[in-house]
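Below: one structure, written as structure tokens.
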Amino acid sequence: GRPRTGWLALYLLGLRATCPPPSPQRSLVTWLKYYLEEDWTGSRQHGHPLTSYYQYGLGVLALCVHHKRVREEVIRRLLTAQQHGRLGHGLNAVDTEAVVALAFTCLGQRRLVGARLVAELRAATSRASRSMAEAQGPDGVIGNIYSTPWALQVFLATGTCQTEPAFGQAMAALLDNLDAFGTAATMAQVLPVLHGRSYLDVASVHCREEPDTLTPMDMEPPTEVLGNKTVQLVVECPLPWCFQLRLYDRPVSVPAGASLLDVLRAAAAQEPHGFTFDIQDTPQGPFLTQVLGLEARQQKRNYWQLLTAPSTPLQMGVADYRPHDGETLILSLSEW
């Protein structure tokens, strides 16, 4: 299977924050270095990582936070991708740009690379900051609500939070949408920002001074929503090489509390040979990769865009978005 670069990187970042004994970290750091190499060499023919630039950037960031040197070739892969606009599509590029910018900032601050490369990394981080500021919408959100904490971490890590107008507007938008952060992965992204910190601050934690304040938390189960709802599921392929625009258009009945992922599963169950889809697990949750046999491929610069009719992009992933009764959801194979 694919290297689990992103998962191990996030685990190592969390491990560093909890001040564990050093021995278990050493072997995991070695595995992460191995995954970074496997991630690239396994897909060298395509010129991009087997997983994604997001996970690849997370891997570099985690190694830096653990004060480990990264080969210059590994760093330059990210630099080249950023310079040529290969880090993602549309609004979804913001989190990847931010993760890569945090990795570059960490490498420069920790002096884990030479002076010449530090200058290139700073220039790349400045480009990323400008790009994120330009991606801010009128509501203050940068990219989407889940990429906004990543962008804010970049402004905090680079010290531009006091001078960048986008920072205050994005923070206000974040505070207005805290209910959207209900999973462990999304909460881990937003909590440092609420304390005026970024993931880079994990590198300078003085573990001997940290009190043991972790206590078990009683979590109440979510309130069960009774009844059913009907969602109209539409699949479109507006690309020139598709034989027709609308490939699927059916009502799907699901429980009232069902997510979009539940809708897709119900559609596949009610029409085993009429509707098919595949997902890929990522650190941010399931990512839709194939619908009705049409696969979204990074090398072809296309992806499955999630819309609510008539044309509003969803701000959540397939596992988090919960459509309302009578809503029309559109899966559109789009280019970036």
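Glycine is no exception: its Cβ is also placed from the backbone N, Cα and C atoms.
Automatic, uncurated: that is what TrEMBL annotation is.
Look at TrEMBL and you will find 1-17 tagged as signal peptide. Residues annotated as cyanocob(III)alamin binding site in TrEMBL: THR51, SER52, TYR53, TYR54, GLN55, ASP95, ASN144, GLN189, TRP304, GLN305, LEU306, LEU314, TRP336. Marked as disulfide bond by TrEMBL: CYS64-CYS106.
Reported as a whole number, the C-alpha separation between LEU306 (cyanocob(III)alamin binding site) and CYS64 (disulfide bond) equals 35 Å. Neighbour list (CYS64 (disulfide bond), Cβ cut-off 8 Å, at least 6 residues apart, same chain): VAL70, ALA103, CYS106, LEU107, ARG110, LEU112, ALA203. Each of the recorded positions CYS106, LEU306 was scored by other CB atoms within 10 A of its CB, and the lowest score goes to LEU306. Listed binding-site residues: THR51, GLN55, ASN144. The one with the lowest count of other Cβ atoms within 10 Å of its Cβ is ASN144.
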